[in-house]
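K.L.:
Take this structure, written in structure tokens, and hold onto it; I'll ask about it next.
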Amino acid sequence: MGIIVQKFGGTSVGSIERIQHVANRVIEEVQKGNDVVVVVSAMGKTTDELVNLAKQISNHPSKREMDMLLSTGEQVSIALLAMSLHEKGYKAVSLTGWQAGITTEEMHGNARIMNIDTTRIRRCLDEGAIVIVAGFQGVTETGEITTLGRGGSDTTAVALAAALKAEKCDIYTDVTGVFTTDPRYVKTARKIKEISYDEMLELANLGAGVLHPRAVEFAKNYEVPLEVRSSMENERGTMVKEEVSMEQHLIVRGIAFEDQVTRVTVVGIEKYLQSVATIFTALANRGINVDIIIQNATNSETASVSFSIRTEDLPETLQVLQALEGADVHYESGLAKVSIVGSGMISNPGVAARVFEVLADQGIEIKMVSISEIKISTVIDEKYMVSAVEELHEAFGLAEEAAAVRS
């Protein structure tokens, strides 16, 4: 057979009982004749607990020392999983990110993987061992330990699958797959059997938390087939791959949404490109992520620009904008972003009109809109967020089309 990479998140290894369950899932794959590489996150809330410990020492801890501290969380879970497999009669070896040959750039807290030397992993596999790798971490060329930021364990797993030329990468989570929308809010949400990399990447970027965007981007670039599955259920999950053979007739594949959005409008900025660039360069330098951007001319000499941000970034955004001479800044909080995604929109005109019609019928005002080939995002009042998602979910027939699949 081939190499299979499995990734288990913090919830999946959150207790000794769950680690024992994960060991059994790993053994099931080994018994199929596959070589197995397992990537695990820190147990449960371990990372949060480590962050809190650091805050008790310092309000502004060194990023280098934070990486040293946070990287210990995964070391606990990989060692315990290896011990569990030993007790069940299987040869297993745990490796930290740097022992596994994962080299990253020189950026503490949010490093990107630059290279993976798979020599040691392959040697362990050749010796008949199950290899368990700590997610979320690596080492620079100068020997400094780094962490990969949010979603880092997903990225570790996909990067290893690419480097090892694995048959596929299974991402085990606390949900059974990728749904048409969040089933906690929309009861008619259904699981999607297959979805393309591009569609999954859009959903991930829009806040669908099942997969991190960086991991999906890695999978797309290296054509790594992904399956999102539940660690607690034997139910088949959602395949993420290049070619989607089913449901091609579906115009919309999923709906993502997020609350705590604020619209910021800057009026009276000088009407030339450098002026606008100065605003967004300053925001980027402060680590503020700007989403939808709309620019309008107010007169022959000045213009206004509106953009959306996370509400938590508002205080820092206002600090940046206060430095602009002659500009008048307004903002509106209590907003939400609702987005529909689907490759079928490329060849089906009128999707945006249908979205506007559905929202208008519910008396929902659209405050901002952004449209791309496979995505339409709208910013609306937060109080209408769930009802808007429900109405769009029904209008595009998502509840009837994407049925769950059991193995």
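If you go along the chain as it appears here, the first residue is 1 and each next one adds 1.
Note: Cβ is positioned from N, Cα and C throughout, glycine not excepted.
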K.L.:
Pick from Ser41, Ser196: which one does Swiss-Prot list with Lys7, Phe8, Gly9, Gly10, Thr173, Asp174, Phe179, Thr180, Thr181, Asp182, Pro183, Arg184 for the same ATP site?
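P.N.:
Checking Ser41, Ser196 against Swiss-Prot: the ATP site match is Ser41.
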K.L.:
Below 8 Å Cβ to Cβ and six or more residues apart, same chain only. Which residues does that give for Lys7 (ATP binding site)?
P.N.:
Val38, Val39, Val40, Gly135, Ser153, Asp154, Thr156, Ala157, Cys169, Asp170, Ile171, Tyr172
K.L.:
According to DSSP, does Glu49 (substrate binding site) sit in a helix, a strand, or coil?
P.N.:
helix
K.L.:
Please report how many Å separate the Cα atom of Glu49 (substrate binding site) from that of Glu74 (site 'Contribution to the catalysis'), as a whole number.
P.N.:
13
K.L.:
Per 10 Å Cβ neighbour count, which of the binding-site residues Glu29, Glu49, Asp174 ranks highest?
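P.N.:
Comparing the binding-site residues Glu29, Glu49, Asp174, the most crowded Cβ belongs to Glu29.
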K.L.:
Measuring Cα to Cα, tell me the gap between Arg184 (ATP binding site) and Glu74 (site 'Contribution to the catalysis') in whole angstrom.
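P.N.:
So the Cα of Glu74 (site 'Contribution to the catalysis') lies 29 Å away from that of Arg184 (ATP binding site).
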K.L.:
At a 10 Å cut-off from the C-beta of Thr180 (ATP binding site), count the other C-beta atoms across all protein chains.
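P.N.:
Neighbour count, Cβ to Cβ under the 10 Å cut-off: 24.
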